[in-house]
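Taken straight from Swiss-Prot:
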- 44, 69, 87, 113, 114: S-adenosyl-L-methionine binding site (BINDING)
- 244, 247, 261, 264: Zn(2+) binding site (BINDING)
- 4-370: domain 'Trm1 methyltransferase' (DOMAIN)
């Protein structure tokens, strides 16, 4: 197997040469004997910053592949304690050892099934970055965490989480209902809801530190809080997401609601169970922002700063509305987002969708602003 060297952050890595596994001029990381995805660099850059704030005493990189995450946590996040690198692929295990030596760091390299290993260890931070759904690994990942431990998890199975595939949604996440127009946020809330349920079985509650959507995946950092009472409190933050199929009115509720829109009387679509609380901790985001200057060498430092600003602004609001969906329901042209936000006043864009916004204004006022902004746009000649 031919290897090539890449630089990511402060890490030097040898990875399988993509040219050896290309097909008709195209390359998919899944075709390589060891998985390395350059499209996940932003995910890893954010994670390096987040782990520097978490400052765990020990780390498990449960599905290490090349070892890039664990290596970067040592070299960039300042992790001083033991780092466990695990992968069941023997080729990966060999490559991880090479990369540890290349970077001059020590770590324990294991070849084990991730679920089996996570039931045997106790660490301060477990990183779960599976190929596809994290659902089969969540219970054991939570059990691997010591008191007040933190779980970092990536999910790429958007079809199941967002409700595009209702059978997958039900099978993997126990979700009932239909896909909503704010599906990107719904998916993140469903993933958090699944984590709550898996943690509660182990008498643990959760505190979300950071959650976001980017490109084609979700990324979450969730702190565990031991105790049955904390587990019960987290379960109280589960509920159902709703959206009127006629007028577009959306809301979340922990109580079971009539399937009739309180605004127009239309049929309510629903999706859940899902987390209905906040999914970002403002103090955690603030500390990440404060530390970002130390990570100015990252190619994504500006993008990370922008993401943190988005998350901070939108955290206090409920689900977002899509301006194109509301305009379609009103049978008007879609207005410019800036005009709409100016009309609403207390409203923000969302990182989930460039067409999305969040507002505390009454729904009737939101609709009036959509109509008014559209009319102004039309009369101004666009």
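Glycine is no exception: its Cβ is also placed from the backbone N, Cα and C atoms.
Between residue 113 (S-adenosyl-L-methionine binding site) and residue 264 (Zn(2+) binding site), the C-alpha separation comes to 52 Å.
Across the residues annotated as binding S-adenosyl-L-methionine (44, 69, 87, 113, 114), the two Cα atoms farthest apart lie 23 Å from each other. Less than 8 angstroms from the CB of residue 44 (S-adenosyl-L-methionine binding site) sit 8, 9, 68, 69, 72, each of them six or more residues away in the same chain. Within 10 Å of the C-beta atom of residue 114 (S-adenosyl-L-methionine binding site) sit 23 other C-beta atoms, taking all shown protein chains into account. Counting only residues at least six positions away in the same chain, the Cβ atoms of 244, 246, 247, 249, 267, 268 sit under 8 Å from the Cβ of residue 261 (Zn(2+) binding site). Separating the Cα atoms of residue 87 (S-adenosyl-L-methionine binding site) and residue 264 (Zn(2+) binding site) is a whole-number distance of 54 Å. Close to residue 264 (Zn(2+) binding site) in the fold, though at least 6 residues off in sequence, lie 244, 246, 247, 249, each with a CB less than 8 Å from its CB. Ranked by how many other Cβ atoms sit within 10 Å of their Cβ, the binding-site residues 244, 247 place 247 at the bottom. Within the model, the domain 'Trm1 methyltransferase' (4-370) carries an average pLDDT of 95.
Its own atom aside, the Cβ of residue 87 (S-adenosyl-L-methionine binding site) has 25 Cβ atoms within 10 angstroms in the protein chains shown. Local packing around the Cβ, expressed as the count of other Cβ atoms within 10 angstroms, is greatest for 69 among the binding-site residues 69, 113.
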